[in-house]
Amino acid sequence: MVLEGREMDGIGNTMQKKVAELERLAEVLVTGEQLRLRLHEAKVIKDRRHHLRTYPNCFVAKELIDWLIEHKEASDRDTAIKIVQKLLDQSIIHHVCDEHRDFKDMKLFYRFRKDDGTFPLDNEAKVFMRGQRIYEKLMNTENNLLQTREEEGESFERTLVASEFIDWLLQEGEMPTREEAEQLGRRLLEHGIIQHVTNKNHFVDGPLLYQFRMNFRRRRRLMELLHERGRSIPESHDSPFCLRKQSSDGGNTSFLSVSPTKEIKVSVGVRRSSMSSSCGSIGYCSSGYYSSSPTLSSSPPVLCNPKSVLKRQVSPEELQRPGGPFIKKTFTIVGDAVGWGFVVRGSKPCHIQAVDPGGPAAAAGMKVCQFVVSVNGLNVLCHDYRTVSNLILTGPRTIVMEVMEEV
């Protein structure tokens, strides 16, 4: 039952503008954090000495520009400078002595404020970080909170029941009382982190359904920082928290994907999650995890139906038949800060639906259309994508996969 006076016909224009501003801020914060993790892993960020003084956890501006171009995050040095300047303008990075407000392509030391504890925590940033922590906790703990449910006769995926969400917040010690937990839910909605499934209601302690509007684990392209409308790019169908209805026939849905001969245009992934879809099962093990960045084009995303990349489905028996047209390959894939960089789909056997060209899986030699034989020594030929995704996403960072490839 909707409480009287709490029903909304949609968030007002002022609120929508506020949410849009906060979403842009959140995107910059997430993108900056993903870059920081990648630079630490690549040893671009490290302790450095200059004039007998040690500057911990910093990077050289010129080296960062080189790195961005090498990893195809920027096409040229001017573009790379503009990207990093965005991070500097948002106080995500700063010159180690705060002597330069402009990012310069020189041998100057800069540092992420999160690495020296100087990141400014205003109210918006605090709510955002709280939402991100709750999101990660939901993703990394076993619970039944996120399910496909119906409201007003329509089915929605990955929904939270408000009252159950509040119960969980209390159980996890996130909030001391139901009233305060409800207020937290309202702040998360007002900051664009969660949303009522039909956008008609504010957050209320009751049976209404909500979804995470923001996918914190979506892999961001740094180029998105230069586009004000970057958030208008649709979330991938692979995203476990994209706000969308569940299609009953599977024929009209779309997702951002790749074919064996095309570059990934937009890569969306999670480090510790999988999802189900009415039109097929897709598990994305991103090299993003939020992760290292893919080799991406600046072209607009290509939308296509979530059709299998396979020309035909094969059986486990056909794959294992002596003298058959398949060869076995073994890959050892070390996940980066965000994941492994591939999509698993299908059943008995599963196949590789998409591979991030800039991720660990691609570097190991994985390709689309390969069939998954085993994961960390466990034969999975007769399992569906759920089992395979779970083995990968809940297992160690380094995975050993055997696949069969048609010759």
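Here the Cβ of each residue, glycine as well, is placed from N, Cα and C on the backbone.
Feature annotations, reproduced from TrEMBL:
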type: DOMAIN; residues: 31-114; note: domain 'DEP'
type: DOMAIN; residues: 140-214; note: domain 'DEP'
type: DOMAIN; residues: 330-407; note: domain 'PDZ'
- Query: Between 0 and 100, where does the mean pLDDT of the domain 'DEP' (140-214) sit?
  - Reply: 89
- Query: What are the helix, strand and coil residue counts for the domain 'DEP' (140-214) according to DSSP?
  - Reply: 24 helix, 21 strand, 30 coil
- Message: What does the DSSP secondary structure composition of the domain 'PDZ' (330-407) look like, as residue counts for helix, strand and coil?
- Response: 14 helix, 34 strand, 30 coil
